[in-house]
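Novice: TrEMBL lists 1-16 with the feature signal peptide. The substrate binding site annotation in TrEMBL covers Trp98, Asp100, His228, Trp231, Asn267, Trp343, Lys371, Glu375. Feature annotation from TrEMBL assigns active site, proton donor to Asp181. According to TrEMBL, the active site, proton acceptor annotation covers Asp377.
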Amino acid sequence: MKSFTFLCALIACVEAKWSRITPPAKVDSATVTGESVATAAEGVTVDSPFTQGPSGINLYANSFYQKEVESIAIPALAANQTLLAVAKKVATIPSFFWLDTTAKVDLIPKFVKDIQTRKLDVLMPLVVYNLPDRDCNAKASNGELSSADGGIVKYKAYIDAIVKNIKAAPSVKFVLIIEPDSLANIVTNMNVPKCATAKAGYEEGTIYALTKLNLLENVKAMYLDGAHVGWLAWPANLDPAADYFGLIYDKAGKPSKVRGLVTNVANYNAWSVPAGSCSKLKYTDEMRSVWASGGKKIEMCDEKTYMEQLAPKLTAKGFPAHFIMDTSRSGKYPTDQKHWGNWCNAKGTGFGRRPAVSKESPLLDAFVWVKPGGESDGTSTPGPRFDSFCGTGKPEAMQGAPEAGQWFQKYFEQLCANENLDNTPTKYERVPQ
């Protein structure tokens with residue numbers, strides 16, 4: 001699912017294919033498609049929708065993922081009691097459901113019925129993920145819609161169907177993540193022809209989604225995708241990213257339900273490492289951003305530092321600087337990645353901390369699980385949807401992987417083996433001797 005051109009803003013890359021620095025996109029208001037739509041509360045955002053009770057965070061553990069774990073993963077682990085115990089815990093943990101095809105929109109009523117039947121006071125977490133030319137800098141997770149084939153019209157129909165289903169369930173509350181891997185690709189990858197082509201559709205589609213979904217009373221919050229520390233935290237990208245998020249937000253009419261950004265979606269980064277410890281923890285030069293700001297050196301290899309650097313820039317653009325973080329695969333760090341760009345089915349990863357309301361930063365609303373751990377990032381077998389980042393040329397990518405979104409039992413077992421569900425400090429840190 002992850003797709004980006006690795007950016008060596010200050011340091012030389014080891015591999016020749018990473019030597020090209022992708023320039024940040026030059027974006028101004030004249031280039032953004034779609035008309036600004038006024039809202040009743042321009043510039044005002046909702047409160048965090050998340051609460052924490054005795055039984056955990058107020059998020060629905062979607063039955064689709066639960067069935068995957070219970071029907072595929074658990075039976076395969078019958079002979080391994082240690083991993084089996086972890087898998088049983090994972091099956092009950094709340095996670096987002098991805099509306100990555102138009103057909104999956106029809107599953108919303110099934111989740112609604114389950115919530116209503118069980119009288120659950122929870123948020124239904126959904127990922128809106130179907131823009132035309134989706135994931136424009138990768139092949140593994142390309143979507144069903146193309147800008148060359150009426151994609152934006154079909155996308156608006158897809159959004160309308162989501163609106164219809166949410167509106168039909170006024171007693172159920174929803175929290176939405178809007179289009180992972182979209183706006184960040186426009187910030188960094190405009191030299192990629194497919195991304196240049198996709199730009200207009202990404203903007204028009206995102207603005208349409210935000211304005212339509214913002215009108216629904218039972219949508220309690222929306223979070224745009226904010227990529228992660230290894231993508232947008234580089235000096236060449238941080239300011240352009242804040243500019244672009246602010247611009248899209250303005251063009252959508254400053255929708256009040258936009259709470260902020262989600263980071264680390266389907267990625268593996270740590271929430272926080274001690275200041276100055278990225279290199280001490282044996283992160284490679286390609287796995288940390290080191291740069292100067294305000295006359296002092298800043299080293300970033302974690303999402304917390306990224307949020308702290310991005311937040312004031314967002315605020316300056318009028319964008320609400322609140323965050324949630326995907327910790328579904330952030331249990332072990334550093335991972336076996338040598339480059340942040342090696343995103344596909346990375347080795348040395350584990351299930352991260354359970355979803356919970358954050359008490360660790362005023363910027364962070366909650367830790368959540370967005371990526372369904374165990375679903376493949378992309379196939380390792382050459383074919384129409386094969387991406388080289390998933391193949392044998394990348395030793396950090398686990399082999400034997402099926403198509404993106406399909407169940408990958410071997411990978412699920414790795415996540416279980418390296419789990420840190422309880423967020424035990426220093427469980428996997430490579431502390432210097």
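Every residue, even glycine, has its Cβ placed from backbone N, Cα and C.
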Novice: Is Trp98 (substrate binding site) helix, strand or coil when read with DSSP?
Specialist: strand
Novice: Name the residues of the same chain, 6+ apart in sequence, whose Cβ is under 8 Å from the Cβ of Glu375 (substrate binding site)?
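Specialist: Listed in sequence order: Glu68, Ala404, Gly405, Gln406, Trp407, Phe408.
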Novice: Let me know the DSSP-derived helix, strand or coil state of Glu375 (substrate binding site), please.
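Specialist: DSSP assigns Glu375 (substrate binding site) to strand.
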Novice: To the nearest whole angstrom, state the Cα distance for the pair Trp343 (substrate binding site) and the residue listed as 'active site, proton donor'.
Specialist: 12
Novice: Looking only at C-alpha atoms, tell me how far Asp181 (active site, proton donor) is from His228 (substrate binding site), rounded to the nearest Å.
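Specialist: Cα-Cα, rounded: 10 Å.
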Novice: For substrate, with binders Trp98, Asp100, His228, Trp231, Asn267, Trp343, Lys371, Glu375, what's the maximum Cα separation in whole Å?
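Specialist: Comparing all Cα pairs, the maximum is 22 Å.
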Novice: Can you count the other CB atoms that lie within 10 A of the CB of Asp377 (active site, proton acceptor)?
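Specialist: Taking every protein chain into account, the count is 29.
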Novice: How would DSSP class Trp231 (substrate binding site) in three states?
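Specialist: Note: Trp231 (substrate binding site) is helical by DSSP.
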Novice: Find, for the listed binding-site residues Trp98, Trp231, Trp343, the residue with the lowest Cβ contact count at a 10 Å cut-off, counting only other Cβ atoms.
Specialist: Trp98
Novice: How big is the Cα-to-Cα gap, in Å, between Asn267 (substrate binding site) and Asp377 (active site, proton acceptor)?
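Specialist: If we compare the Cα positions of Asn267 (substrate binding site) and Asp377 (active site, proton acceptor), the gap is 10 Å.
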Novice: With an 8 Å cut-off on Cβ-Cβ distance and a minimum sequence separation of at least 6, pull the same-chain contacts of His228 (substrate binding site), or say none.
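Specialist: Set apart from His228 (substrate binding site) by at least 6 residues yet with Cβ under 8 Å, we have Thr263, Asn264, Val265, Asn267, Asn269, Glu303, Tyr306.
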Novice: By a simple count of other Cβ atoms within 10 Å, which of Asp100, Asp181, the recorded positions in the record, is least packed?
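Specialist: Taking Asp100, Asp181 as the recorded positions, the minimal 10 Å Cβ count falls on Asp100.
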Novice: What is the total of other Cβ atoms whose distance to the Cβ of Asn267 (substrate binding site) is within 10 Å?
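Specialist: So the Cβ neighbour count for Asn267 (substrate binding site) comes to 27.
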